[in-house]
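Engineer: Annotations per Swiss-Prot:
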type     : residues      : note
SIGNAL   : 1-30          : signal peptide
DOMAIN   : 52-149        : domain 'Ig-like'
DISULFID : CYS73-CYS134  : disulfide bond
DISULFID : CYS85-CYS132  : disulfide bond
DOMAIN   : 151-242       : domain 'Ig-like C2-type'
DISULFID : CYS178-CYS229 : disulfide bond
DISULFID : CYS262-CYS299 : disulfide bond
DISULFID : CYS266-CYS303 : disulfide bond
DISULFID : CYS277-CYS289 : disulfide bond
DISULFID : CYS318-CYS352 : disulfide bond
DISULFID : CYS322-CYS357 : disulfide bond
DISULFID : CYS330-CYS342 : disulfide bond
TRANSMEM : 383-403       : transmembrane segment
DOMAIN   : 545-685       : domain 'ZU5'
Amino acid sequence: MGTGAADGSRGARRWLPWLGLFFWAAGAAAARGADGSEILPDSIPSAPGTLPHFIEEPEDAYIIKSNPIALRCKARPAMQIFFKCNGEWVHQNEHVSEESLDESSGLKVREVFINVTRQQVEDFHGPEDYWCQCVAWSHLGTSKSRKASVRIAYLRKNFEQDPQGREVPIEGMIVLHCRPPEGVPAAEVEWLKNEEPIDSEQDENIDTRADHNLIIRQARLSDSGNYTCMAANIVAKRRSLSATVVVYVNGGWSSWTEWSACNVRCGRGWQKRSRTCTNPAPLNGGAFCEGMSVQKITCTALCPVDGSWEVWSEWSVCSPECEHLRIRECTAPPPRNGGKFCEGLSQESENCTDGLCILDKKPLHEIKPQRWSRRGIENASDIALYSGLGAAVVAVAVLVIGVTLYRRSHSDYGVDVIDSSALTGGFQTFNFKTVRQGNSLLLNPAMQPDLTVSRTYSGPICLQDPLDKELMTESSLFNPLSDIKVKVQSSFMVSLGVSERAEYHGKNHSGTFPHGNNRGFSTIHPRNKTPYIQNLSSLPTRTELRTTGVFGHLGGRLVMPNTGVSLLIPHGAIPEENSWEIYMSINQGEPSLQSDGSEVLLSPEVTCGPPDMLVTTPFALTIPHCADVSSEHWNIHLKKRTQQGKWEEVMSVEDESTSCYCLLDPFACHVLLDSFGTYALTGEPITDCAVKQLKVAVFGCMSCNSLDYNLRVYCVDNTPCAFQEVISDERHQGGQLLEEPKLLHFKGNTFSLQVSVLDIPPFLWRIKPFTACQEVPFSRVWSSNRQPLHCAFSLERYTPTTTQLSCKICIRQLKGHEQILQVQTSILESERETITFFAQEDSTFPAQTGPKAFKIPYSIRQRICATFDTPNAKGKDWQMLAQKNSINRNLSYFATQSSPSAVILNLWEARHQQDGDLDSLACALEEIGRTHTKLSNITEPQIDDADFNYSRQNGL
């Protein structure tokens, strides 16, 4: 009974939809019939045996705020479609349906949709989400659609995990974590850097795909910034807290500087060296270098010992000139380690005949020689004993007549060293002191004196022509040389009895002066800072530095101050009775020598002339260059400009040639030439290791804007004339040198040059954007001899009260060397410490003529040439002299000269025009085995030049 009732109930429920469908269809038909509208047929053709097929099924949906959503279904063939939500049938009144015919198949298509509200979803409390599905009927049966879930969309406000700020070293890994807030549907994450979206597809170094995290594999300085995690879904967007990422650079030490000089002149002191934390400099809070920036060590300097006089000697025997004298020496003790020389006279002389001895209407006691050695006293005594006063008077009278006639017949200066008095108005500083025996190289073997010299001031003395000529003919300087050793103490031409440098001003002259010419050359002028420059019509018209001088048979030296360029005219290069106005110029305009291929100009273009002048012996031209010749990576050539303006190669520095000779020193090239013209040095790098030496310097000046300050960093060839052009430009712009220039080795490896400003004080100065680092292409630096190369930086003060500026200028070649210029200055001119452009000038005088232009006295030079020009069986000839003076190449050039030794000495004069290192020449002679005494051990204060005058007057 129960079973039958249950079956009946299930049967009733099974037929309930069909009954409802029937009554619904009947009511609908009646309604349409009552309205008179068209009634669709109850039986629509359908494919036999086909169940309803869903063309459109309901999709999952989200309710946003309070807006309802619509669920749709479409099926064919379908007589009716109903929605079932959460297992219950949706009421018929909530359905909206449409019917149509499928034109292709002729089947009936029915579409139904319902609305689901937020309230319906919230009121449902089931084990799963709110869901709905469609059920479609046909005469063959039913079909069900997929279940579509309906959820209320939301996005919570707070992130489950915000990204955290990081500080990482450069090239380190950065990982920023982000867990977005809970939401339906799940939020999508996007990363922002400084409010700009990050596209990981365009930057392979960044990955944002790993579980919403941001990963930067190798941190760069540009990766510093503020990072934000952005979460969004269909409801809202949420922003996380910003995370600051700082990529820092730890500082690194630069190389140590050289040790400084000892800070005391006497006793115990210290030396120091320093380094800077600039390799690299710390950035963005990076750690400063560990360790000390300055190191100090102790040092000891020898204390100076002042000299003291010994007791006076006995008075000498009365000489034929009615003079006797006594001497004392500064040897108790002698000055050492820079101590002061004894004050006072080293000798005293007086007339020993009560003024009765008369010479040429003047008492001889008015001629007061300043020094006489003990051996000279003994020799004077010998002369008095063996010669006799009567014979001396006769000899003097004969010599007076002979010398007077000789000098009147010659219009040029004599070639003897004593003739320099004609230029100095009677000032002489020659001195012989006979204290040692065995020096037959310089003096008469019978006399056997030593030669010592010093720098002293001598007043004008009255030397008569007869005595002068007697000294020329009888002086022991004309005896053959056997040994010599000389040491220079402090000044030009101190050793070997040659007077100090001085400039003699007078009227221009076209020829040399005869000995009898009475010109006003009695004043020795001080050093002149301005070169004497004379405009010549024959000089080129381009922009250039130039100087000129008049030279005769005695020769001389022409120097371009502060350029490193000089010209040496040897004694005898110009024939007697002739004199020439010789000029020298440096081209400062656009070089006329155009480089071919990899060839570069290494020196200035130097012109010397006149071009039609002929010389009897080669002259020496010194040209500065900027090549690093310490290693053999250059092929250097000497070139000359022809009259047609073209350049032709004279020789390669390493080649053998008999037409000219080139000696390459670290900073200059000394060339021996026979003809005047325009010359220059070019270089062709053999390898990428070839190095040009650049001089780097920084200048500064105020801008038109009172708050701005301009820095100009120059990189020019390391030649004095190139830097002098920079100085000239800066003087016109009002620039001031802020740091002493430094040397930078620039390789020929095609890598560019970088100039950057570092360590600018924050909150006081700022640099204009995008100018802190500037890069110069390799080609501009490698060929920078055309115009001075510089980089300009503009700094701005925050306030006008800022007057001090400190920063560092880093000049470095990529994959090469670098230099640091430390700027510490005041922008106020009244407080700024001036840095001189040149530590010392090249030469006091642009033109020096006669013996004063040479380091080696002419008489000594003659004896050296006479000795070494003679072939020697043991090989001790001019070739050995060349070898000992580091002249080992192209000796065939010297072999073609009439006096090889003279040309070697000319080259020595050109190389040592600055230091005057006569000791090196003396050492060379000693090594050859021709010297036995060392004159350089006799210190400068032990010698007085007046003794040389006295000995010459007495024929000693």
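Placement of Cβ uses the backbone N, Cα and C atoms for every residue, glycine included.
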Engineer: DSSP helix, strand and coil counts for the domain 'Ig-like' (52-149)?
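Structural biologist: Looking at the domain 'Ig-like' (52-149) with DSSP, the answer is 9 helix, 53 strand, 36 coil.
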Engineer: Indicate the candidate from CYS85, CYS266 with the smallest number of other Cβ atoms within 10 Å of its Cβ, considering only these disulfide-bonded residues.
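Structural biologist: Minimum Cβ neighbour count within 10 Å, taken over the disulfide-bonded residues CYS85, CYS266, occurs at CYS266.
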Engineer: Check each residue in the chain of CYS299 (disulfide bond) that is at least six apart in sequence and keep those whose C-beta is under 8 Å from its C-beta; list them in sequence order.
Structural biologist: CYS262, ARG268, GLY269, TRP270, GLN271
Engineer: Looking only at the domain 'ZU5' (545-685), what are its DSSP counts of helix, strand and coil residues?
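Structural biologist: Helix (H, G, I), strand (E, B), coil: 0 helix, 71 strand, 70 coil.
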Engineer: I'd like to know the mean pLDDT over the domain 'Ig-like C2-type' (151-242).
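Structural biologist: Mean per-residue confidence for the domain 'Ig-like C2-type' (151-242): 90 out of 100.
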Engineer: Could you check which of these disulfide-bonded residues, CYS85, CYS289, CYS330, sit within 10 Å of CYS134 (disulfide bond), going Cα to Cα?
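Structural biologist: CYS85, listed in sequence order.
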Engineer: Any idea which of the disulfide-bonded residues CYS73, CYS262, CYS342 has the thinnest Cβ neighbourhood at 10 Å?
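Structural biologist: Result for the disulfide-bonded residues CYS73, CYS262, CYS342: minimum number of other Cβ atoms within 10 Å at CYS262.
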Engineer: Please identify, from the disulfide-bonded residues CYS178, CYS229, CYS303, CYS322, CYS352, the residue with the sparsest Cβ neighbourhood, meaning fewest other Cβ atoms within 10 angstroms.
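Structural biologist: Per-residue Cβ counts within 10 Å for the disulfide-bonded residues CYS178, CYS229, CYS303, CYS322, CYS352 bottom out at CYS303.
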Engineer: Is it possible to list how many residues within the domain 'Ig-like C2-type' (151-242) are helical, extended or coil according to DSSP?
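Structural biologist: Per-class counts: 3 helix, 39 strand, 50 coil.
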Engineer: Should CYS299 (disulfide bond) be counted as helix, strand, or coil on the basis of DSSP?
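Structural biologist: The residue in question, CYS299 (disulfide bond), is strand (DSSP, three-state).
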Engineer: If you count Cβ atoms within 10 Å of the Cβ of CYS277 (disulfide bond), leaving out that atom itself, what do you get?
Structural biologist: 19
Engineer: Could you round the CA separation between CYS303 (disulfide bond) and CYS330 (disulfide bond) to a whole angstrom and send it over?
Structural biologist: 18
Engineer: Restricting the comparison to the disulfide-bonded residues CYS73, CYS277, CYS318, which residue's C-alpha is spatially nearest the C-alpha of CYS178 (disulfide bond)?
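Structural biologist: With Cα distances computed to CYS178 (disulfide bond), the winner among CYS73, CYS277, CYS318 is CYS277.
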Engineer: Around the Cβ of CYS330 (disulfide bond), how many other Cβ atoms lie within 10 Å? Please give the count over every shown protein chain.
Structural biologist: 21
Engineer: Please report how many Å separate the Cα atom of CYS342 (disulfide bond) from that of CYS289 (disulfide bond), as a whole number.
Structural biologist: 54
Engineer: Where does CYS262 (disulfide bond) sit in DSSP terms: helix, strand, or coil?
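Structural biologist: The residue in question, CYS262 (disulfide bond), is coil (DSSP, three-state).
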